[in-house]
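What follows is a single structure, written as structure tokens, with notes after it.
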């Protein structure tokens, strides 16, 4: 029971101001009998005892309440009398035309044996004349056949008796009684009727321009016979109603124009004293005109303007005008061309795919460079040893056979040795000018080679052996061949290309370049990405950003 009341705030009104509940009121009357008091048959105010339930009264109350409830439901609820039609559920004006009730009796068609065939196509025995088919005939019908040609009455036909009716005869058809009227000969014609009158002329038919011999032409009068009273106008040669407006007589007096001092300037540009306001020029102003000066910027009301208060009206603001709140980042007009490979695949993914390949390629290039360096150094040492051995053999031969003449070697003969020095100096200058072509080629080779040259020259202590040294150096042809080897090694740039667009490296294994830069030693490792050298860096770059050189 305590669970049912859990969560509800039960408040009991307590009357603290009253007296003790156990005290009896002074005016209390105990009108409860002993039976009622024992069985609780009467309610005592404040005692907690209630009288017993009267079943008959309760049943009557329930019945009354049920009746009132049903009446309210009938009044407020939908009424069956208002609906399809009538008092008991049917309203005739709203009933469906195709809906029928239980009282509807359908008229069934009669059987063939019950049909009254007197009414039908027409008449008493199955035929009604007003409904019979016009093309249907009965047995009493007698067809009228056409008469033979020998039985036809030709007295009524083209016209009249014996085949011709005059009212229907053709106008152009003539009979044998027709008499044609022939035209008279010229000798039989009456020429008293014709052009006019009795003797060949009808006056009403005569040509107006045709005149006879009785015609008398009226000649024009001479100037001396003319009456000049009628002419330009009036009695003596002038008729005023026919006179030219521009023609003036001797009595005309020209009205001279008034002097400026005599003119009335009250009528003019407008109004009294020279100005008429309705004719005044809109751009003409008088001395009483006061020009309204524009206010200073400090006096102008900037609450009205481009829009709203403080200079901006939103409804009048230019759509293309931006305010100070609209901050746009300044960007260059140059737009980078994004290749298809860069859109479909990112550089980070390609870096992950080709990272190991790039490392292996770099290691392979490093191994190749070291192998070439070792091979070149070994070849140089071998050549130096051969040159040193030849020098020693020549020195021994010269010591064993001294020269007969004291001056077999003049100083002039040493002059050809100078081109050798010049060639060596030019060779070193050429090497220093060319410089390293790729990042993988080592530079210490040239310094070691120079040291070898210096070591070889220091070993040549004898003055007479100088020419032999240069001759032996020129004889095997080592240095020119080595020069061509360096040219081929440094000039072998591999596949080269020219940059069409600028590209910024997105990773450590990529290279950056600007338009018209040259990329050398290109390796086409993929269709979309190549690898090469540019600006001293070796790495990946997009293939569609460059153009191969022929």
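Cβ from N, Cα, C; glycine included.
Since the structure is predicted, the reported quantities are computational estimates derived from the model, not experimental observations.
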From 240-293, 294-347, 348-401, the residue range that Swiss-Prot assigns the feature coiled coil: 348-401
Residue from 192, 224, 438 to which Swiss-Prot assigns phosphoserine: 438
Which candidate, of 104, 141, 154, 486, Swiss-Prot gives the annotation phosphotyrosine: 486
Residue carrying SUMO1 cross-link as stated in Swiss-Prot, selected out of 147, 184, 218: 218
Per Swiss-Prot, the candidate from 110, 203, 230, 235 carrying the annotation N6-acetyllysine: 235
Candidate set 57, 144, 208, residue annotated SUMO1 cross-link in Swiss-Prot: 144
Around the Cβ of residue 314 (N6-acetyllysine), the count of other Cβ atoms that are within 10 Å: 8
Rounded to the nearest Å - Cα separation of residue 261 (phosphoserine) and residue 295 (SUMO2 cross-link): 45
Entry from the recorded positions list 171, 295 having the most other CB atoms no farther than 10 A: 295
Residue among recorded positions 107, 113, 150, 295 with Cα closest to the Cα of residue 218 (SUMO1 cross-link): 150
Where residue 107 (N6-acetyllysine) falls in three-state DSSP terms: coil
Spatial neighbour of residue 314 (N6-acetyllysine) that is closest, considering only the recorded positions 107, 113, 150, 171, 295 and their CA atoms: 295
Which same-chain residues, if any, lie at least 6 apart from residue 181 (SUMO1 cross-link) yet have Cβ under 8 Å of it: none
Which same-chain residues, if any, lie at least 6 apart from residue 150 (phosphoserine) yet have Cβ under 8 Å of it: none
